[in-house]
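Taken from TrEMBL as is:
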TRANSMEM  6-27  transmembrane segment
DOMAIN    8-206  domain 'Cation efflux protein transmembrane'
TRANSMEM  77-99  transmembrane segment
TRANSMEM  111-130  transmembrane segment
TRANSMEM  156-172  transmembrane segment
TRANSMEM  178-200  transmembrane segment
DOMAIN    212-288  domain 'Cation efflux protein cytoplasmic'
DOMAIN    296-369  domain 'Cation efflux protein cytoplasmic'
Amino acid sequence: MTPKKITIISIYLNIILSLLKIFLGILGKSQAIVADGIHSLSDLITDFGTLFSLSLSQKEKDDTHPYGHYRIENISALLLSLILIALAVYLGGLSFITFLNILKKKLVKEISFYVLFGSILTIISKEVLFKKTIKLGKKLNNNLLIANAYHHRSDVFSSIATTIGVSLAIFFSKNCIILDPIISFGLTIIILLTGIKIFIQESKILIDTQIDQEQREKIEKIIKETEGAQYAHDIRTRRSGGKIFVDFHLSLTKDHNLQAAHELTEILEKKIKEEIKEVEEVFIHLEPKEEIAQETLEKEILEKLKRFTTVKEIKKLVIFPFYDGYQVDLEISLSQNYSLKKLHKIIHQIEKELKKITFIKKVNIHIEP
């Protein structure tokens, strides 16, 4: 099933559910069911927005958009997250007002049992649609589909709350209807948190935040383990829609001619794309080994050392040639006095981390008081 097809199914489903619930709500004298029907009707706006965004984001690259139109997905998902947040605030406020009206005995009426049919149908159909949409969204790494899936789940939650409250009022006691706004308010918290989570995630992508550390380390490992690739630096990554773009500078050994260098970049690109499926393009800037400045290595070493809270001060850092790479001599002081066992562990961890930098072959660490 394609993203467009599942969104079209959602559009037809929302039309049927909204008209059915509004009709049954009016006929059965249930304001809650009518409101639930209007809620389903408002979902059509987001569905049409999703369909429109999916169509635009899948357009081919052109001269004006050389990186494609993938970020339309992120912008649309961001807008959808705001709709979820607004919806949560609205439903929360509505639940609170309903709660007060029930306490003041302003909301007491006889409701017909058949009004529940629309809400029960919504719970079943929307939960199925949620599972199908979230599965497809995660498979395609499509954040817009994932956001729309959680919108379907919000419909399930609101319909559950409506069904419970109305059922208790019909079959047990009118006093039990007070549970409806209480349950509804709790469920709106879940919708609110989901909206905030999606908003933060999409905001990070739109400001070109790096991909997570684990994926970056995979890229570094691939480069390090590929024969002929001497040293990579300035590794930069960013997301656009569900795609990842990677670029880095690569140092080659002297014996590489233009043909060999081209073949190596193709091998690296293929390996990276196979390891990380979301990678769309890999841009590699080639440079000879002699152009690698020790300042660049020093910058990466210091960046790695910042992650160790146990390191208080870097007293000395020396980098010098060592066979086909470099040796690092490091003098550091620690944040506190550690046992011999702990000291050995810290040194081993630092050495292991620094050796992840391609081109560093040996590390000597001296601990100063």
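Using the three backbone atoms N, Cα and C, a Cβ is placed for every residue, glycine included.
Residue counts of the domain 'Cation efflux protein cytoplasmic' (296-369) by helix, strand and coil are 25 helix, 31 strand, 18 coil (DSSP-based). Each residue in the domain 'Cation efflux protein cytoplasmic' (212-288) gets a DSSP state, and the totals come to 31 helix, 32 strand, 14 coil. Mean per-residue pLDDT, taken over the domain 'Cation efflux protein cytoplasmic' (296-369), amounts to 83.
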